[in-house]
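Chemist: To start, I am sharing the structure in question, which I have written as structure tokens.
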Amino acid sequence: MIDFTGKTSLITGASGGIGSAIARLLHKLGSKVIISGSNEKKLKLLGNTLKDNYIIEVCNLANKEECNNLISKISNLDILVCNAGITSDTLAIRMKDQDFDKVIDINLKANFILNREAIKKMIQKRYGRIINISSIVGIAGNPGQANYCASKAGLIGMTKSLSYEVATRGITVNAVAPGFIKSDMTDKLNEKQREAIVQKIPLGTYGIPEDVAYAVAFLASNHASYITGQTLHVNGGMLMV
């Protein structure tokens, strides 16, 4: 049984489907949750479902000062889940420098800052769990998403490097790479598009946000204390590595 009673977790991108599912599960398992994102209205709606033992922290990850301040506000941090990310899709020949930079800045650089600042706190207590949410496309690539794929591949490389650096300090650093997870975005696909994607998934269905949340909870738990520097793929068999 996973029990996070007495632990404090920070979840970024908590206003989205996957982020909110992670926050709800960690909260259900006993953790105090700090839910962060840029959409205060959605964060408040999530908070209403949690009822207690939570804190809302509105943060714009494009602002590096806000990234640093987000961690500094937390006196005791046990679990960090870096889930926030953006897309700005177009073919590489049409992609402007700023389209590439803004995705890298939020999906990779901001998450590096959060990891770095969290590690500083976790080293003091010689305990910590960091989970970075990557993507199937960080391994497989995807046309029209050179910026997004680069950012998600970078997260995996960063996760491995950091796991080496802090392994002797009681801190584990892992990644979760979701495949196609049911969301508002997938709901907008037409039936033909949905069927084409499902045909590529051996389990024959989209995942749900809770599938990712349970993977995160496992990696954050003591059951995964001997696992670090790894990427847990949650994709229904769409990519087997």
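Numbers run from 1 along the shown chain.
For all residues, glycine too, the Cβ spot is worked out from N, Cα and C.
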Chemist: From ASN76, ASN83, ASN111, ASN115, grab the residue that Swiss-Prot records in the same NADP(+) site as GLY13, ALA14, SER15, GLY16, SER38, GLU57, VAL58, TYR148, CYS149, ALA150, SER151, LYS152, ILE181.
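Modeler: According to Swiss-Prot, the candidate sharing the NADP(+) site with GLY13, ALA14, SER15, GLY16, SER38, GLU57, VAL58, TYR148, CYS149, ALA150, SER151, LYS152, ILE181 is ASN83.
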Chemist: Work out how many Å separate TYR148 (active site, proton acceptor) and SER15 (NADP(+) binding site) at their Cα atoms, rounded off.
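Modeler: Pair distance, Cα basis, whole Å: 20 Å.
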Chemist: Please give me the CB contact count at 10 A for SER38 (NADP(+) binding site), counting all chains in the structure.
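Modeler: Around SER38 (NADP(+) binding site), other Cβ atoms within 10 Å: 19.
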Chemist: What's the number of neighbouring CB atoms sitting within 10 A of the CB on GLY13 (NADP(+) binding site)?
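Modeler: A 10 Å sphere around the Cβ of GLY13 (NADP(+) binding site) contains 26 other Cβ atoms.
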Chemist: Quick check on the binding-site residues VAL58, ALA150: which one has the highest count of other Cβ atoms within 10 Å of its Cβ?
Modeler: ALA150
